[in-house]
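Contents: one structure, followed by commentary.
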């Protein structure tokens, strides 16, 4: 910019260069340097006062500090293309001061109050121009606070609005206020839709828990993996990856089981340790697979899985030698079937697996042989052969008779496994019952999260509940059923519930979530009826064992033997026995080491049946008859 002949002198202030338009300043020829300097100083002082007045009229030095609001609508700066301008004070002043009105040609310096046309290269942001420019700049958050950088990271929705009008500039009025609100509302709706919830009007499939039980290496995990593949829960590429990895470890036939045995130790040894979980759906039902361990060392884990099940699938190996090993006294076939019945499983499907083995070759004679040996034992355990048990042949490795009828066994005319599950009658569950949620596990994740199966009642988000036996009042912050968030759950569903009001360290497996108006019973002493299943020596008062009741595991002592019960007539002996032995039924009094939650079998069967184990064996099964109040 030409400053006249005195080009060596520096300007007095940053305004001076801008305010001196070409030709407006004295040329310097014929004017005394002192007079020229005085005129420049006076003009600069006038401009400085005018600018100070403009600032003082717009800025409030006593204003409260800016506090960001996380729930406020997203800030859209006025100088971005297509953004909305702040409303003008009055309609008349807007006509005179709005940016983008009829202005002078570019390059001509205007006085304060005159409109300024923006540059064609981009939005003009300067301290000069009309008073409305100052108003616009000061009404937005100050640049030094970093608001401009935040505003540049606008959402995709607002970018689309900006890109739709590329010709918009600082002088444009921008979209009306209503359109900005619509964009904000659309954005909020998109955010809300991220939480998966089931519409109230949509029909909800019945939830069924299926536990796979049986002797070790019978093929439980392989059948579970095959079901997941056939129902589309595991894709072919994943299975091919498992097959390659299994082949590298010389475990070619184990690859299907890896869909459920995710632990590296389980994959290396080929033995399930923890209860694996998986989900699959049919046309009518939603199923949860509970893959229980078959090894005798992990029977307590199997009991925990069976306690959550609605029906059990007993997997039997038809291979010569394997069936006999599993069904003999030391095998787990007998114990698993008995424990499933004790845990409350009413329906049993017996899968005769490995029918494709060369020693079997889909032989109907071998199938009938296994069936004839199993029926008497299952009947003794308590299952009705006609109503509660269903047999079917299959091959977990090839998938034969799992989803579709197999051509290898034309002698079997029944439904394949998955269609048969879908055809089962619905379980009658009442949502009006008292809330009972036995805790299976817990962990920390943005609060305290508990896992369990809702046995009775219904739970909704925001509900106030009580954790027994500690009587902690808690609030339900969130509910997840099968990895989907929901606001309401009915009985039979496997849940993850985020709680408020209790720490993770204050919860143990076996605790019960109840409603405040209907708490479950708790105590240490109770009378029971037990059946001695297997014990070499006699059992006397003072005998200690491990009690498994719903999801609770607690040390227990038999403090007294009250009477013997005749198996056939059900009559009780009039005298107290001094001991009981194998195959006898008795009424006894038990006392646990700590307080536990329980109910009588008559009032709530699922929380009133139990198992006694000792030295890795199931000693007895029984039911709770009466709760004995503690003496003060």
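Backbone N, Cα and C define each Cβ position, glycine as well.
Annotated region 'Disordered' per Swiss-Prot: 1-31 (among others), in sequence order.
The feature region 'Disordered' is assigned by Swiss-Prot to 162-200 (among others).
Per Swiss-Prot, compositional bias 'Basic and acidic residues' is recorded for 178-192.
Annotation comment: Swiss-Prot describes 205-429 as domain 'tr-type G', evidence class sequence analysis.
Residues or ranges marked as region 'G1' by Swiss-Prot on the basis of sequence analysis: 214-221. The predicted model assigns the region 'G1' (214-221) a mean pLDDT of 80.
A coil conformation is recorded for residue 397 (GTP binding site) in the three-state DSSP classification, outside any helix or strand. For 217, 218, 219, 220, 221, 222, 353, 354, 355, 356, 395, 396, 397, the entry in Swiss-Prot reads GTP binding site, with the evidence type similarity to another entry.
Under the heading region 'G2', Swiss-Prot lists 270-274, citing sequence analysis as support.
Summarising the annotation, Swiss-Prot assigns region 'G3' to 291-294.
The region 'G4' annotation in Swiss-Prot covers 353-356 and rests on sequence analysis. Beyond the region 'G4' (353-356), the same-chain residues lying 6 or more positions past its ends with a Cβ under 8 Å from any Cβ of the stretch are 218-219, 223, 315-319, 322, 362-363, 366-367, 393-398, 400-401, 408-409.
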| query | For residue 219 (GTP binding site), what is the tally of other C-beta atoms lying within 10 angstroms of its C-beta? | reply | 28
| said: For each of 221, 395, count the other CB atoms within 10 A of its CB; which of these binding-site residues has the top count? | reply: 221
| request: With an 8 Å cut-off on Cβ-Cβ distance and a minimum sequence separation of at least 6, pull the same-chain contacts of residue 355 (GTP binding site), or say none. | output: 318, 362, 363, 366, 367, 393, 394, 395, 400, 401, 408, 409
| note | Reading the DSSP string in three states, the entry for residue 221 (GTP binding site) is helix
| query | Max Cα-Cα distance in Å among 217, 218, 219, 220, 221, 222, 353, 354, 355, 356, 395, 396, 397, the residues listed as binding GTP? | reply | 17
